[in-house]
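What TrEMBL records for 52-243 is domain 'Succinylglutamate desuccinylase/Aspartoacylase catalytic'. Look at TrEMBL and you will find His62, Glu65, His154 tagged as Zn(2+) binding site. The active site annotation in TrEMBL covers Glu218. Marked as domain 'AstE/AspA barrel-sandwich hybrid' by TrEMBL: 255-327.
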Amino acid sequence: MPAPLFESSFLQDTLKPSATSPRSITLSNGVQMSLLQKGVLKISPPADAKQAKHMVISSAVHGNETAPIEMVDDLASQIASESIVPQHHLLLIIAHPKAILAEERFVETNLNRLFGDADYPQSEELALAVSLKEQVTQFWQDVPMASRWHLDMHCSIRASKHYTFAISPQSAYPTRQKEFIDFMQNAGIEAVLLSEEPSSTFSWFSSSKFGAQAATLELGQVAKFGHNDMSKLAQFHKAFLELVQSIESSTATDMITYQVDSSIYRENMDFEFYFDKALPNFSRFAEGEELGKDGDKALTMPVEQGGVVFPNPNVELKQRAALIVKPCATRYVDNQLTVID
Ligand SMILES: [Zn+2]
């Protein structure tokens, strides 16, 4: 019997201050588990796995968003104990151990803004972004585009009219294939926001650079370890484990699709929103309703059935203070979810 891969668990080993020495084991069912670096675990399915994809499953890009970390840790444990046999190549990521230990979203700066092409100032998080980009690039080398998937799992600070929702990042490639969207529906993701603007998030990096089926998944609200209401994520967790094992799932729920109508950028120091600070994401306003003011200019809802997402009146000047979204009709064109204008 080979020595176990972890001293205690993927998560507990990741949180230890000591350096991680790369190591790997082969389980009796043929699954290989390789710890590549602290918080990065590569798993290869048994040799007879048919149509195996290469899936990146990331958590803790924000350190205090614990439900996804628990799901990734649990998956690693279940694979190690052979109670789950993955049918895909997996790259499991617990991105930011220092932020987890600090119970903070980040230590110096928001890691999920560092995956773009800009020259970012040095920070704790930049080093993480650089090394994660390298690991993902390595993992997808020589893998056909359609086999690249990335679930980047988060929880929201803000309440939401949709308990779970996804952001499908902009890409020049067909990254909204039916199989991927079907997974999100099976997983009970209530809404998907189809973004068409370049971004700097981890999932944007995967979809725009690698043509991966990628999404930022917002899975309920932030809570401390052990305090997540996993019953609210039961459908997601079930579909997630089925996905990894290639088990057909058929619990599809209706999913609302949104597109971005416009963004509100802050132009003046004198800037405020009139709605409650804790306004849930996707709250709707009537067309023309006043949302706030920017200097002398009134900010009004520019569109019918428009919703407000990620409002933040305290952003720096010229930064985005809110997204205005609107529901949109979609259909599949060449197997790709497409907005019907
Ligand atoms: Zn997050």
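Numbering starts at 1 and runs along the chain as it is shown here.
Glycine is treated like the rest: Cβ placed from N, Cα and C.
Overlay of TrEMBL annotations on the structure.
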{"residue": "His62", "record": "Zn(2+) binding site", "CB count, 10 Å": "24"}
{"residue": "Glu65", "record": "Zn(2+) binding site", "CB count, 10 Å": "26"}
{"residue": "His154", "record": "Zn(2+) binding site", "CB count, 10 Å": "24"}
{"residue": "Glu218", "record": "active site", "CB count, 10 Å": "25"}
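Under the DSSP three-state reduction, His154 (Zn(2+) binding site) is assigned to strand.
The average per-residue pLDDT of the prediction over the domain 'AstE/AspA barrel-sandwich hybrid' (255-327) is 95, rounded to a whole number.
Checked against ligand 1, the recorded positions His62, His154, Glu218 give His62, His154 in sequence order as having a Cβ less than 6 Å away from one of its atoms. Those same-chain residues not listed among His62, Glu65, His154 yet with C-beta within 8 angstroms of the centroid of the Zn(2+) site C-beta atoms are Ser59, Ala60, Val61, Gly63, Asn64, Pro68, Arg105, Asn112, Met153, Cys155, Ser156, Val222. Note on proximity: among His62, Glu65, His154, the binding-site residues of the record, the Cα nearest Glu218 (active site) is that of His154. DSSP classifies His62 (Zn(2+) binding site) as coil under the three-state reduction.
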